[in-house]
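Colleague: Sharing the feature lines straight out of Swiss-Prot:
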ACT_SITE  Lys24  active site
ACT_SITE  Asp186  active site
BINDING   Pro138, Val139, Ala140, Gly141, Gly142, Met143, Ala144, Gly145, Gly146, Ser147, Ala148  ATP binding site
Amino acid sequence: MSISHIFGPQQPQYSSVTASAHGKVNLHLGVGPAREDGYHELDTIFQAVSLKEEVTVALRDARGAQDAEAVQVAEAAQEAADAAPCTWSVSGFDSHLVPQDSSNLAWKAVAAIQKLARQAHVPWADAPVHIHIDKGIPVAGGMAGGSADAAAALVAATELYFPDSRASRRPDGAQLSDIAAELGADVPFCLLGGTARGTGKGENLMPVIATGTYHWAIATDKRGLSTPEVFKQLDQQRAAASAASPKAARAGSPEGLIAALRTGNPEEVGKLLVNDLQAPAISLLPSLRETLKAAEEAGAIAAIVSGSGPTVAMLCASADDAVEVATAVSVAGKASSTMTTSSPAAAAGVIKREEVLE
């Protein structure tokens, strides 16, 4: 039976939708003291990079037989999230490291949109779905790969369940941003893309004007770092350094960086890259110091631990320079893998729709 005969008079317009969302680098990451809820106050400048994730959400009856590697989400998790039956599969960079359980942010994002679709009486809201993630961003590397999965899944699921952009029940940008913030602190920026200043946990965003294109060499480390552990190490380092309360943002104000971004001059931007989490990340993974040194020796304008690490982002003068720096760091044995990318990049968006066949 074709999918067009399953749902009665109101049929889905699409059998599957694919969306993409980009990773990020933190050009400035100032970390304040821990809050009562356990999070830290942040003052950060995000910039989206060309590395991206692609997420496809498909109505499973439209997809036919499932891939042999497809993983079934546990029924208990589906019931707890009030979600439709779901399978998923993963391909691409570090695909074997992607969590294949209910902690997966892409699945949580789809479940959130399914809930809205159910409230709006969308007939296919409870239909089984398949989620496929094609990864292009390092896993657990401080570049928001999981958050990009969630952002892309939000966009794809919204288009699948609410194909009419004029429909009153379709979640708008503000509502998607609210859902994104519930999923994770970096997810709202992965929806927005471009360049933005983030405060609070990073979810309160203000777009920043940036001109020019910035070229990066990226060095990954397969050992990974736990974000909570890096923040814990920062707190311990600060407590050991001073009995006084830590300042709200040890990296200082990002206003100088914001001004430099308007010029489009990578040399000026490079002078102002700063990350309060770099020292604790190096403390937990001392080899990062050698990676940063190798980047400098290879001719990078500047190098910085990306977010909570362990990925190192190396700002370069040109795309050719980025290739040379990435190659040099790799040959020196100071990274598990290297790649190049550029910034800024666009917002999350739909890249493919498959119409339902009659």
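Placement of Cβ uses the backbone N, Cα and C atoms for every residue, glycine included.
Just so it is clear, the model here is predicted, and its values are computed rather than measured.
Neighbours and distances for these, please.
Modeller: According to DSSP, Lys24 (active site) sits within a strand segment.
All protein chains considered, the CB of Asp186 (active site) has 31 other CB atoms within 10 Å.
Under the three-state DSSP scheme, Ala140 (ATP binding site) falls in the coil class.
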Colleague: For Gly146 (ATP binding site), what is the secondary structure by DSSP, using just helix, strand and coil?
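Modeller: It is helical.
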Colleague: Of Lys24, Pro138, Ala140, Ala144, Gly146, which recorded positions come within 10 Å of Asp186 (active site), going by C-alpha to C-alpha distance?
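Modeller: Close recorded positions: Lys24, Ala144, Gly146.
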Colleague: Among Ala140, Ala144, Ala148, all listed as binding-site residues, which has the most CB atoms within 10 Å of its CB?
Modeller: Ala148
Colleague: What does the structure give for the C-alpha distance between Ala144 (ATP binding site) and Lys24 (active site)? Integer Å is fine.
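Modeller: That separation, Cα to Cα, works out to 6 Å.
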Colleague: To see if you understand the setup: which same-chain residues, six or more apart in sequence, place their Cβ under 8 Å from that of Gly146 (ATP binding site)?
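Modeller: Looking at Cβ-Cβ distances below 8 Å from Gly146 (ATP binding site), excluding near sequence neighbours, one finds Asn104, Leu105, Val139, Gly184.
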Colleague: Around Pro138 (ATP binding site), which residues of its chain at least 6 apart sit with Cβ under 8 Å of its Cβ?
Modeller: Phe93, Asp94, Gly145, Ile218, Thr220, Thr311, Ser337
